Amino acid sequence: MGRVAIVSSMVILAAVISSITSYQVKPANYAKLIDKQKKFDEAFEKEFYVEHTKYVETGEQSERLQEMFEHIRQKPDMFRMEMDNHPLPYLTAECTACRALVTTYLTYRRVLGWDRDRIALQAASTCETLNILTPPNCLKIVNKNIDILLYIIDNRPSLTAQTICGIIFQSGTCVLEDPAFLNWSINVQPGGRPITASKTSPNRGASDLKIIHITDVHYDPHYRTGYNAVCGEPCCCREGQGIPANPADGAGEWGDYRDCDSPWKAVEDAVRAAARQHPDAAYVYYTGDIIDHGVWETTVAGNIVSMTRTYQLFRDVFGSKPVYNVLGNHENNPTNVFAPSYITQSEFSAKWLYDFSADQWSTWLPTASQQTIRQGGFYTVLVRPGFRIIGMNNNDAYTFNWWILYDPAYLQAQLQWVHDTLLQAEAAGEKVHILAHIPIGAGTSYRTWARQYRRILDRFWDVITAHFHGHTHADEFNVFYSLANPQHAISAGFNGGGTVPFSNYNPNYVVYYVNPQTYDVTDFESWYFSLTEANQNPNRNPIWMQLYSFSRDFQLSNVSPASLDGLVRRFASNPAELRRYWEFKVKRGDPFIAAGCDGDCLLNHLCQIVTNEANDDTKCNALAAIFRNLDDELFNEEHKG
């Protein structure tokens, strides 16, 4: 989604964004286009402030202001997309909007001295004008975020629109230039095994451990079968949105491909299906996002009810089997905002969430983990001799966490703890799985944070054996390359997809096979059901099927970083095989398959696999050079058509 104002559109953008992550390959003349766009944005920003000020004074929008609002109005399907997947023209318009609207509202606050209520009402009006939410819900979402934003703005008088937009977008004309946001770092101890080649790992074996990965259930207690699934808001199928005149627009029994979250029966069915079909699994990973996308009306009390019910389901279904959880960006209230631990004001602090999580997770975690969970929602646990898990709360590095704008260096503390924990694991001869909700290095990971994490990974590439993510709802993987030696693939990240259909997906979960000596992932498979078929048979449970077995379907001996790097290069020279991966990634969701994915679309998905840091296009450019020079009939036909 897009449309960014300091306390309205920006809030909505951050709050509901959540679907498929991809990557936007830049054209050859990108630098020239950016230079031209910079001049446009500077002129637009100044003119917008003048026209908007006239509107505030007179109560009437000029024809020119209406044109400018139309230029920055949300584009179709923005609510469905993670920002990484917005086409470049969308991103360009969004950056223009951010600069213009943030500058205008900063001026209202800092120069004209507008008070909180006046800014709230005007911001809600902007939200309404841009058709982001209904008028009542615009005001709700603004009121949920405005006090945090004004606190940050008032206490950071040097914070500019360029920096704010540079944090959120990290691309185009919204480039982060402020040294305070670029130059902080953590201490990385020298040592470790030198990186001399891409990392290899064993093949799948009969004694491998099995780990179930469930993520992003997005339970919506307001979901109602038959209610409006095309409501025009970021989240539909909800009580209060009414029953549509056309029954085809009504929410399905087991969920809906449209912008809807999961009814409880679907959450319960997914968890029970995973347990039933894989009773021999040793562990369960849950990588966050229990809470729904109705971000304008979430409450602490409501979030606690939904999370308590979900964690109890895990206990009931998996019994004594350990479930290792991390927090999603939706768990806090307001969504996305995770304040530094030294911010103690109750209306800003996430302490309630950390204390609640520490209590709930105590079922599966030792007492020693309590301190860091209560401090910041992260932990480590020795699962068995030689095998450790680190559960990160990397939502603090999500570019829609407003507190990055207040103090970017507060992110150092958790990263330094990760480094120090890995140092101890190395000394003890342990191997480590990293659990984190936001895919590490994705375009919505704060750039400086991602760079510092890459330094950690370079140092401990031989200790960290895999990463496990959620957030995007896509069944995908990432390959991490050495910062110092970019030709070497040193780690892999596996995304569990999501049991929620939001938006256009079929529900799924993933099962990993893990070598019991090295703790490398040797293979993985995905299980899903067709939402179309399930909703056509509402009176019986969905039929879960295997979507793929990765090594079998892509003819790999293992899924080591070296092997996956080879597969990525195969994808670059074989669009038909890349298309197959894309079908698995979108879990054969009927709307995705119907819409298709042309050559440019496939290339974007290919580049997403190898992008470890915002604006680092090195790997993408190398693959794009191969992909674009293909003579493959399929690729050529797509471009002809």
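Every residue, even glycine, has its Cβ placed from backbone N, Cα and C.
As annotated by TrEMBL, Zn(2+) 1 binding site applies to D216, H218, D289, H473.
TrEMBL lists C95-C174 (among others) with the feature disulfide bond.
Its Cβ taken as reference, C138 (disulfide bond) is surrounded by 25 other Cβ atoms within 10 Å in the chains shown. TrEMBL lists C127-C138 (among others) with the feature disulfide bond.
Per TrEMBL, disulfide bond is recorded for C231-C236 (among others). The Cβ neighbour count for C236 (disulfide bond), using a 10 Å radius over every protein chain in view, is 27.
Within the same chain, residues at least six positions away from C260 (disulfide bond) with a Cβ under 8 Å of its Cβ are D220, Y223, A229, C235, C236, C237, R238, A251, P501, F502, S503. The feature disulfide bond is assigned by TrEMBL to C237-C260 (among others).
Annotated disulfide bond per TrEMBL: C597-C601 (among others), in sequence order.
The feature domain 'Saposin B-type' is assigned by TrEMBL to 91-178.
TrEMBL lists 1-22 with the feature signal peptide.
Over all protein chains present, the Cβ of C174 (disulfide bond) has 24 other Cβ atoms lying within 10 Å. Computed over the domain 'Saposin B-type' (91-178), the whole-number mean pLDDT of the model equals 92.
Between the CA atoms of C174 (disulfide bond) and D216 (Zn(2+) 1 binding site) there is a gap of 30 Å.
Cα of D216 (Zn(2+) 1 binding site) to Cα of C127 (disulfide bond): a distance of 27 Å. The sparsest Cβ neighbourhood within 10 Å, among the listed disulfide-bonded residues (C127, C597, C601), is found at C601. In this structure, the C-alpha atom of C95 (disulfide bond) lies 16 angstrom from that of C127 (disulfide bond).
Of the recorded residues, D289 (Zn(2+) 1 binding site) and C231 (disulfide bond) place their C-alpha atoms 23 Å from one another. With the fewest other C-beta atoms within 10 Å around its C-beta, C231 stands out among the disulfide-bonded residues C95, C231, C237.
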